[in-house]
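I have placed the structure first, in the form of structure tokens, so that the comments after it can refer back to it.
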Amino acid sequence: MTLRNDEKDASPKGPVVVRENETSVLGTALSHRDGDGSIPPAINNTDQDVELAEEEEKDYGPPPDGGLEAWLQVLATHLINALTWGYAAAFGVYQLYYVETLGLPASQVSWIGSVQIFFTYVICAVSGRLADAGYTRETVAVGTFLAVFGTFMTSLARTYWQIFLAQGVCIGIGLGVAFMPAISVLSSYFDKNRSFALAVSAVGTSVGSVTFPATIQYLTPKVGFAWAVRVAGFIALAMAVVANLLLKPRLPPRKTGPLLELKAFSELPYLLFSMAAFVYFYALYFVFFYINSYARNIIGFSDQDAINLLLITNAMGIPARPVAGFVADRYTGPINLFTTATLAVSALIYSWIGVKSRTGMYVFSVFYGLTIGTNQGTFVASLTSLTKDPQKMGIRFGMVETLCSLATVAGAPTAGAIIDHNNGDFFWAQIWGGTVMAAAAIIFVACRISVTGWRLVKI
């Protein structure tokens with residue numbers, strides 16, 4: 001078996017791999033030898049432990065980087081992204097309906113979307129570790145069931161707390177349980193084309209964020225809100241079934257090891273990326289949640305035209321994401337492109353302050369959609385490029401997502417509180433959003449420098 005250079009130093013000198021837990025087993029066995037020097041049968045179980053260790057250390061070869069099975073994983077993850085992040089990005093439509101119907105302050109309603117996103121992220125460390133341990137199919141099945149079940153329960157909800165529990169808690173947990181294992185599986189199939197594959201799968205986010213709000217928007221006047229949500233639930237069910245059938249883990253399970261890989265935070269690039277991601281996610285959903293309200297209350301859009309803006313913003317990610325992945329793989333590297341796009345997002349949020357016309361809103365919607373699509377299309381690839389061991393991809397990515405959950409749960413309500421405090425004026429909320437995103441970009445620059453220094457290289 002040929003080892004890569006970065007594996008040679010960590011490789012065992014003999015044919016047997018012994019981990020810490022196995023060393024303790026061997027010590028126990030040696031201390032309980034029989035008189036003839038043999039190990040008692042009840043303790044002689046180290047062969048099984050060694051076999052497990054050797055299975056985990058077995059070289060399954062390089063990622064195929066293509067082929068039918070690999071691209072089917074892209075399709076499966078595409079559908080999972082459509083169901084998870086597509087649903088989350090569509091909350092602006094729900095928020096507009098809930099404010100109009102329930103008469104609640106925007107900041108209170110935004111807690112539903114923020115809690116949904118919070119649970120989606122906070123559960124990622126657990127679901128990622130379960131995926132690494134070999135429970136990918138089971139985890140995704142449970143997650144997609146909860147997401148679909150929560151959607152149908154939302155259609156039956158009548159009060160704020162019923163909506164909060166169904167859409168915020170149940171769907172949020174389901175999305176988080178389903179998302180992380182799919183990303184972990186897909187990353188193991190690609191190497192040189194990983195950014196492109198992840199970006200193509202991320203197009204699902206744009207597809208879902210157009211499909212779900214369009215379904216709610218255009219069916220509600222015809223069949224009512226409840227049945228519009230149920231139709232969205234059936235669409236989610238179809239996506240979930242196909243994704244579960246296609247998803248196929250490539251690497252063996254990593255049964256041993258801690259639940260959390262906390263030593264990853266001792267790596268400066270990973271630590272800086274985690275800090276930057278926390279700040280980034282604090283402001284990420286601000287525009288998605290409030291572009292409708294701004295268009296309707298400040299510019300004078302109708303409800304339907306305001307929702308069309310959100311659809312345009314989300315749809316722009318369909319061409320932007322795969323192009324971003326291709327450019328990252330071939331020319332810039334994911335971290336360089338992601339950092340540049342984060343700076344551009346900050347500039348666009350600042351520019352939103354000057355938008356005072358219908359034409360300006362449409363122009364802003366298009367440019368913001370293209371930029372945030374490029375930005376989000378390279379986020380996962382940027383983080384995976386900092387992880388060399390594919391068997392730890394799930395937990396290392398999941399820990400960052402769990403950390404970011406604390407930022408996402410506070411982001412939109414913070415913006416809503418600023419808007420409410422200023423009697424519906426968006427100026428200071430826009431200043432807040434642009435500044436937070438600029439701070440994230442600065443920390444991402446520091447992360448990049450910690451890897452390569454000041455050299456202009458592809459990373």
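The backbone N, Cα and C atoms fix where each Cβ goes, glycine too.
Automatic prediction, not curation, is the source of TrEMBL annotations.
Here the structure is a predicted model, which means the values were calculated and not measured.
Residues annotated as region 'Disordered' in TrEMBL: 27-62. Look at TrEMBL and you will find 48-58 tagged as compositional bias 'Acidic residues'. Residues or ranges marked as domain 'Major facilitator superfamily (MFS) profile' by TrEMBL: 70-459. As annotated by TrEMBL, transmembrane segment applies to 79-97, 109-128, 140-157, 163-184, 196-219, 225-247, 268-291, 306-328, 335-355, 361-386, 398-419, 431-451.
This prediction places the mean pLDDT of the domain 'Major facilitator superfamily (MFS) profile' (70-459) at 90. Between the transmembrane segment (335-355) and the transmembrane segment (268-291) there are 3 or more Cβ pairs closer than 8 Å, counting only residues 6 or more apart in sequence, so the two stretches are in contact. Proximity of distant same-chain residues to the transmembrane segment (163-184), defined by a Cβ-Cβ separation under 8 Å and at least 6 residues beyond the stretch ends, is recorded for 76-77, 80-81, 83-85, 87-88, 94, 98, 111-113, 115-124, 127-128, 130-132, 135-136, 139-140, 142-151, 153-154, 156-157, 198, 240, 243, 247, 380, 393-394, 397-398, 401. Note: the stretches the transmembrane segment (306-328) and the transmembrane segment (196-219) are in contact (3+ CB pairs below 8 A, sequence gap of 6 or more). At the 8 Å Cβ threshold, with sequence separation of at least 6, the transmembrane segment (361-386) comes into contact with the transmembrane segment (196-219) through 3 or more pairs. Proximity of distant same-chain residues to the transmembrane segment (109-128), defined by a Cβ-Cβ separation under 8 Å and at least 6 residues beyond the stretch ends, is recorded for 84, 88, 91, 94-95, 98-99, 102, 139, 143, 163-164, 167-169, 171-173, 175-181, 184, 259-260, 281, 285, 289, 393-399, 401-402, 404-406, 408-413, 415-416. Below 8 angstroms of C-beta separation, residues 268-269, 272-273, 275-277, 279-280, 282-283, 286-287, 335-336, 338-339, 342-343, 345-347, 349-350, 352-353, 386, 414-415, 418, 459 of the same chain, each at least six residues beyond the ends of the transmembrane segment (431-451), sit close to that stretch. Within its own chain, the transmembrane segment (398-419) has Cβ neighbours under 8 Å at 105-108, 110-111, 113-115, 117-129, 176, 180, 260-261, 264, 273-274, 277-286, 289-290, 293, 383, 425-426, 428-429, 432-433, counting only residues six or more beyond its boundaries.
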